[in-house]
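Asker: Okay, these came from TrEMBL:
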| type | residues | note |
| --- | --- | --- |
| TRANSMEM | 6-23 | transmembrane segment |
| TRANSMEM | 35-56 | transmembrane segment |
| TRANSMEM | 153-172 | transmembrane segment |
| TRANSMEM | 184-211 | transmembrane segment |
| TRANSMEM | 249-270 | transmembrane segment |
| TRANSMEM | 352-374 | transmembrane segment |
| TRANSMEM | 380-398 | transmembrane segment |
| REGION | 433-470 | region 'Disordered' |
Amino acid sequence: MPSDAIMFPLLAGVMLIGLYYLIQWLQDPAILNKILRGYMSLMGVASLTTLLAHSLKVASGFVFPNWFRENGFLCRVDDDRESFLKIEGREADDDAEGEVLPRASPLPPALRSLVPLRSPSRFLWDLRHLLVDEWTIRAKVHGLFREKLHLSVNHIVGFFLAIATVSAYYLTSSPLLSNLMGYGFCYGSFLIMSPTSFATGSLVLMGLFFYDIVMVFYTTLSSPYMITVATKLDVPIKLQFKTAARSSILGLGDIVVPGIVMCLALRFDLWRHYQSKIQRLETNLKSDERDASSGEVVTVSQTKTLAEKALWLDINGCWGDWFWSSSWLGLFKSGGAPAPPSVRGSTFKKTYFNASLVGYTVGMLVTLAMLHIFKHGQPALLYLVPGVLGSLWLTGLVRGELKDMWTYTEDGSLDTRDVVVEVDGNGNVIKEVKKDDKDEEKKKAEEEQAAKEKKLSEAKEDEKEAERSEYSIVSFSITAPLRKQKAN
């Protein structure tokens, strides 16, 4: 909300000044460092687990892709049958059927030649299932709660790696591990934070633009607020780059704050991509109206234009599919050949994101130049904010899409599937007449049905426990999908 955007830099200023005077009062910030390092270590486990788990998922996707191209044909990996399906002459999708190829190693062709096919094939299929399948974790305390969540082995491995990393940082204060935790904090922030609109994002950046200038350049009797806090606190709130001659620091806020607006720009590009795929269909709408003369309710039929949106394609972690389904090891696309759904969904024009990336890069280069010229710590947002916001709004102005930028929002109001619209003679939308609530009602009905099934399942479990002579007070289980052993 705009009010939150205004309060954000004010609260940040109060926090920074409070930390500054606390450091001055303590004289030695060692105890404050211990408290903050302990807190940041706990938070770092969660953020690092997410970063490492998603990184492992992307890495495993390169080794065990769901789609790959072999001898010019697109192939889909069928985990249930542990085989490949050759897809040809049609649009590929996750449920596409095709010629079943002989079962062998689940590796893509380029990697398959590196490993003998016969002896390790069983091991490789089992390894693929281990990395790809989701595990179900159930936890229950009788009379208190019953929870169920889905995780993959990547999350479990990432969790233990995160604990090891945070523990090593807490014991050694290594700048390298501090930077790794900082990357985790930034990544986690991008996943959970959004300004929801370009107007709110611009307000946040402009507020922190002035905040950064004041906190870096305003000097008290000793030193500027921000420089004092950044240098005295040995916690992962900054990235440290040290050489034999000098050292530099970059606050995580200089990454996260512009980054959330850049992420918004990327999602805006994706929204524009789906907007371009909207189809205008003539549809017959029926409504009940009362006749003015007779007073009877009559059914009126009207032909309207329905703006039907394209089906959403999940593009999460599709790097491996893109790499192996393209020619020349992912450097070029195979023209005319069907592409996997995840690849089709991810290959959209990233106009605004690329513009913001250029703006951020230019702003960072200017920051480094000013740092070198004046030999004084620089407020990075002084240069990053104009670079990011200027590139975005200038791109919208040049492309004539300022209205789309201004009206775009992530508050959920744009999520309606199909909309009835009025169009002019050129087919351009004049206004929205009526939103089709069928999908919303269907989604609501599915959620209600899922809730009923969950309650029914819990009730059956309670009945089974009631029939026993004993019951479990605390239970915890991890289950994996059961697959029947197939002969090689």
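Each Cβ is built from the backbone N, Cα and C atoms, and glycine gets one as well.
Automated prediction, rather than curation, is the source of TrEMBL annotations.
Have a look at these and tell me how they're positioned relative to everything else.
Answerer: Counting same-chain residues at least six beyond the ends of the transmembrane segment (35-56), those with a Cβ under 8 angstroms from any Cβ of the stretch are 152, 154-155, 157-159, 161-163, 165-167, 169-170, 180-181, 183-185, 187-188, 191, 233-237, 317.
For the transmembrane segment (153-172), the residues of the chain that approach it from at least six positions outside its boundaries are 37-38, 41, 44-46, 48-57, 60, 130-131, 133, 135, 178, 180-181, 184, 236, judged by C-beta separation under 8 angstroms.
Cβ atoms under 8 Å from those of the transmembrane segment (184-211) belong to residues 1-2, 4-6, 8-10, 12-13, 43-44, 46-48, 50-52, 54, 162, 236, 252-253, 255-261, 263-264, 268, 381-382, 385-386, 388-389, 392-393, 405-406, 408-411 of the same chain, restricted to positions at least 6 beyond its ends.
For the transmembrane segment (249-270), the residues of the chain that approach it from at least six positions outside its boundaries are 12, 182, 185-186, 189-190, 193-198, 201-202, 204-205, 208, 226, 230-231, 236-241, 348-353, 355-357, 360, 363, 380-381, 384-385, 388-389, 392, 405, 408, 410, judged by C-beta separation under 8 angstroms.
Proximity of distant same-chain residues to the transmembrane segment (380-398), defined by a Cβ-Cβ separation under 8 Å and at least 6 residues beyond the stretch ends, is recorded for 198, 202, 205-206, 208-209, 211-213, 250-251, 253-254, 257-258, 261-262, 265, 351-352, 355-356, 358-364, 366-367, 370, 404-405.
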Asker: What same-chain residues lie close to the transmembrane segment (352-374): Cβ under 8 Å, and 6 or more beyond its ends?
Answerer: 248, 258, 261-262, 265-266, 268-269, 380, 382-392, 394-396
